[in-house]
Amino acid sequence: ADSGSAVVALTNDRDTSYYGEIGIGTPPQKFTVIFDTGSSVLWVPSSKAHSMYESSGSSTYKSQDSVTIGDLVVKEQDFIEATEEADNVFLNRLFDGILGLSFQTISVPVWYNMLNQGLVKRFSFWLNRNVDEEEGGELVFGGLDPNHFRGDHTYVPVTYQYYWQFGIGDVLIGDKSTGFCAPGCQAFADSGTSLLSGPTAIVTQINHAIGANGSEELNVKFGLTPEQYILKGEATQCISGFTAMDATLLGPLWILGDVFMRPYHTVFDYGNLLVGFAEAA
């Protein structure tokens with residue numbers, strides 16, 4: 001079991017992103033960040049734009065600093081202080097930076113240090129589908145919130161430790177198999193991506209039919225209804241939640257963004273190298 005835990009309340013920004021609050025430094029300087037399972041770096045703006053990190057205002061600053069998430073304090077965390085940003089980076093956005101939760105690449109992610117400092121071994125996401133409710137979502141470091149899922153999670157092993165990546169066996173449109181993934185496809189759950197991305201050949205079919213019933217793994221189906229994969233735009237405009245992307249990583253690659261993670265409570269378990277899905281509640 002995890003020795004500690006922290007619950008982070010998330011704000012839903014029009015179904016396009018989910019962000020919550022962290023603190024950096026001693027005393028903590030507060031920032032709102034997107035918790036992104038598709039990247040590994042923590043970065044916040046330096047004291048030149050937006051909510052800004054001021055290194056001289058922290059007694060623990062060394063080019064690393066303490067990061068406070070809920071009741072957890074992660075010590076000596078590397079992060080990027082962004083001193084310059086493109087003018088439109090934060091256009092109409094309510095968050096300051098990004099906290100990466102994928103595997104170690106060029107820096108040590110926050111959750112690696114949580115693990116190494118004996119704090120937590122897993123974290124889980126619940127993303128609220130109702131933009132009108134005050135509670136936008138919840139990120140739990142160190143456990144699961146039983147109020148936000150039904151039944152048991154279906155766990156799949158991580159196949160490649162760069163993203164939280166796993167294999168999928170089939171993609172169905174309606175109840176019909178496309179057969180596209182018979183030779184093998186890969187996917188990763190990405191809380192920092194708004195849409196669901198996949199190979200052009202299949203996404204074109206989905207967007208033509210706009211009747212996807214989901215993805216299949218280990219003979220367990222995860223369905224998507226029109227309310228879950230169609231986004232609301234201006235007035236009478238509707239936007240497809242599927243977007244084409246022809247990338248490969250051990251096979252054709254799907255990115256299961258917020259469109260997928262809203263209906264499915266998602267667990268990222270580093271202790272056992274598993275990703276788990278259960279119906280969200």
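Glycine is no exception: its Cβ is also placed from the backbone N, Cα and C atoms.
The active site annotation in Swiss-Prot covers Asp36, Asp190. Taken from Swiss-Prot, the feature disulfide bond applies to Cys181-Cys185. As annotated by Swiss-Prot, domain 'Peptidase A1' applies to 18-278, with the evidence given as sequence analysis. Annotation comment: Swiss-Prot describes Asn213 as N-linked glycosylation site, evidence class sequence analysis.
The structure, with features from Swiss-Prot marked on it.
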residue	record	DSSP (3 states)
Asp36	active site	strand
Cys181	disulfide bond	coil
Asp190	active site	coil
Handout entry: Nearest recorded site to Asp36 (active site) by CA-CA distance, among recorded positions Cys181, Cys185, Asp190
Key = Asp190
Exercise for the section: Select the most exposed residue of Asp36, Asp190, where exposure means the fewest other Cβ atoms within 10 Å, treating these as the active-site residues. Expected result: Asp36
Completion exercise
The rounded CA-CA distance in Å from Cys181 (disulfide bond) to Asp190 (active site) is 20
